[in-house]
């Protein structure tokens with residue numbers, strides 16, 4: 001997941017609509033009225049081209065991982081299934097970010113004109129996909145860590161404890177829970193309870209990794 005500053009479709013739409021008003025109002029200000037330190041705290045943004053290239057590279061890398069695991073039967077084991085789940089999650093994050101970046105670029109360029117309600121719906125869909133994929137990525141990392149723990153401390157019983165059926169069941173549960181959680185987090189994004197749940201989940205995962 002790219003950790004750079006990220007603008008949603010709806011926020012970008014409002015920024016674009018207010019841009020002309022801001023420019024016209026700034027023209028009326030004299031040089032004495034302008035704050036010389038106004039630009040000191042501007043947000044550092046990566047250009048659309050760089051952001052899109054990084055997203056495509058990440059997408060292709062994860063596609064190669066998934067393809068290698070699917071094609072090679074020797075890699076059809078629980079550990080590689082968890083790795084495949086992690087790659088799919090990261091792939092969806094990259095695809096969602098790249099798609100949203102393209103839509104934002106088209107809207108800013110005037111090529112794509114959409115009603116505000118549709119932009120809001122698309123923004124919610126992209127955010128839900130990103131949130132769900134991030135949660136699935138974290139949970140897949142946790143599953144890999146637990147799998148390695150069992151391999152080290154219960155080596156003789158590993159194949160009895162971690163079977164393909166259990167691995168598939170765990171992966172299915174991870175994606176089901178993460179998808180539902182991602183949708184609920186976006187729907188109730190303004191709720192304090194959701195924010196507390198996100199923070200609690202982050203620290204819980206962090207403690208489990210440690």
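Placed from the backbone N, Cα and C atoms, the Cβ positions cover glycine too.
Features of the protein shown, as given by TrEMBL:
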COMPBIAS  15-28  compositional bias 'Polar residues'
REGION    15-34  region 'Disordered'
TRANSMEM  50-70  transmembrane segment
DOMAIN    61-210  domain 'G-protein coupled receptors family 1 profile'
TRANSMEM  82-106  transmembrane segment
TRANSMEM  126-146  transmembrane segment
TRANSMEM  167-187  transmembrane segment
TRANSMEM  193-209  transmembrane segment
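Among residues of the same chain six or more beyond the transmembrane segment (82-106), those with a C-beta under 8 A of the stretch's C-beta atoms are 1-2, 6-9, 12, 48, 51-52, 55-56, 58-59, 62-63, 65-66, 69-70, 112, 122-123, 126, 129-130, 132-134, 136-137, 140-141, 143-144, 147, 167, 170-171, 174-175.
Looking at the domain 'G-protein coupled receptors family 1 profile' (61-210) alone, the prediction's average pLDDT is 86.
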